[in-house]
Amino acid sequence: PLLPPHHPPCSSLWPAALQHSALLHFAQLRSRKATSSLPSSIPPPPAVTTHRSQPRGGGDPRAGHTPPWPQSPADRTVARSDAGPRSPEVGSVPGSLTAASSPIQAMGIKTALPAAELGLYSLVLSGALAYAGRGLLEASQDGAHRKAFRESVRPGWEYIGRKMDVADFEWVMWFTSFRNVIIFTLSGHVLFAKLCTMVAPQLRSWMYAVYGALAVVGIMGPWYLLLLLGHCVGLYVVSLFGQPWLCLGVGLASLASFKLDPLISWQSGFVTGTFDLQEVLFHGGSGFTVLRCTSFALESCAHPDRRYSLADLLKYNFYLPFFFFGPIMTFDRFHAQVSQVEPVRPEGELWRIRAQAGLSVVAILAVDVFFHFFYILTIPSDLKFVNRLPDSALAGLAYSNLVYDWVKAAVLFGVVNTVARLDHLDPPQPPKCITALYVFAETYVYDHIGGEHSAVIPELGATIATFAITTLWLGPCDVVYLWSCLNCFGLNFELWVQKLAEMEPLAQIETSLSEQMSRRVRAVFGAMNFWAIVMYNLVSLNSPEFTELVVQRLLLSGFPQTTLAILFVTYCGVQLVKERERTLALEEEQKQDKEKLE
């Protein structure tokens, strides 16, 4: 997913935060018992990235995950599914909640800080964001009439003289020329799904598939549908051999055919007509089709007694809300939920669906207003202009680019998930906001190879496997190679520092500190880690040149004043995030205690 339009055409143009959600459940493209069917000497396939992983050494009970590769029934644990709150079972999956560890212990948060100190952090953070925002606003006003901005800053609210940043053509297409198509197709899906649920609920899975296939034909043409059917049939035939490794290998080869020439050029010719979002929809539909087919194939290998049919695969693949942009809902979950003859909504579900839809609308409107005042996507393309920005505005520009990318993915998840929940499905949740991420380990999951993520060599192997598949998904090119290497290094370096901190004399030094001081010291490292995450992902969101300029200004020429000031502001933010996590963990612990008493 994931590079903006000004990058080389080496990958599709989906939001970068969606590269985690796109691979969201590729780690789960299996059955929960598939591992037991493999010889003990053969390691299972590597799991890949997801936006819902657990920190090393313990998990966040709010952001739990199903183990990416299956466990035996005796070892299976459900810490917290993407569906929302559930009572956790006790088990031994790394990162899950166990009887021996409370949520607070698992998260490494042991004590609260004084209210006055947290108030100071809030004041500093609010002031810094306001100051950086003012600098960005002034920069946007000054650059609105520059020649370099003419292509991507165009008339917006003419009655107050405001122009609009339209550098993200995909977002613009979604809510201008392609808006009516989206509303029409999704509204039709909801209408027919409701009618079918009322009249013949046992046929609703067929209705989903037929309507989705007809929508694909209407948007992309019949030849594109036949191309995807060919991939579906191919992976279905492979699944009949009952070999998980063969299914995974063929699935990756099928995915590579959509990412590497000359096969990608040949297959793109199956799309009839030309329109603005053609490339995005082509890569989205084909890439997610391969992932869904791989999920189906691995599930079939794990449960040969269930004898899933080709029709089951087609129903799964052509469910329209998930078809072009995901997220991936694994076949076992989808099949079980869509096969319910009389689905029943939990109490308050409709209210939550309406709230989610309302939040999506508010987010869309907020982005529209924001782009009329802050040209955060256009400014990075003019490095001469960027170099004249004050340091605070430059830091705000880098940060806001990542936040926007998350908002874009969250809106996409929100719209798709609203429709899916109306269909009585339980889809995966949006990715975690970049603001709340200060450790690399919360962005990826590859538990089978990495285990508890406490051993250096297994962790290195796990991250290499992860980013090898991620690189294939994005489309191999120089920018993707650089992005993968940086993030792979960040994940491993984080573990190395953790290992070093557990050794003497550092471990003894931390033991001598109070719990509050230990939390403060850890937040300092969290602040540095946060900016590593920002820098490593700016490479793909903007360009290596822009990232190099940010590093030069904020970390090298700006040292020590600018560097320390930015780290202190980030430190304040990390402490506030930690306090929020501590509060939620306390609530979770109290809830579990109450359930035990009941």
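Glycine too: its Cβ is placed from the backbone N, Cα and C atoms.
Heads up, TrEMBL stuff is auto-annotated, nobody curated it.
Under the heading region 'Disordered', TrEMBL lists 33-96.
What TrEMBL records for 171-193 (among others) is transmembrane segment. For the transmembrane segment (171-193), the residues of the chain that approach it from at least six positions outside its boundaries are 204, 207-208, 211-212, 215, 219, 276-277, 320-321, 364, 367-368, 408, 415, 419, 422-423, judged by C-beta separation under 8 angstroms.
Under the heading transmembrane segment, TrEMBL lists 205-227 (among others). Through the fold, the transmembrane segment (205-227) approaches residues 181, 185, 188-189, 192-193, 196, 267, 270-273, 278, 281-282, 285-286, 314-315, 317-320, 323, 338-339, 423 of its own chain, all at least 6 residues removed from its boundaries and within a Cβ separation under 8 Å.
Annotation comment: TrEMBL describes 233-258 (among others) as transmembrane segment.
Look at TrEMBL and you will find 356-378 (among others) tagged as transmembrane segment.
Under the heading transmembrane segment, TrEMBL lists 521-539 (among others).
Per TrEMBL, transmembrane segment is recorded for 559-577 (among others). Remote same-chain residues near the transmembrane segment (559-577) are listed as 113, 118, 120-122, 124-125, 128, 391, 395, 435-436, 438, 519-520, 523-524, 526-528, 530-531, 553 (criterion: CB distance under 8 Å, separation of at least six residues from the stretch ends).
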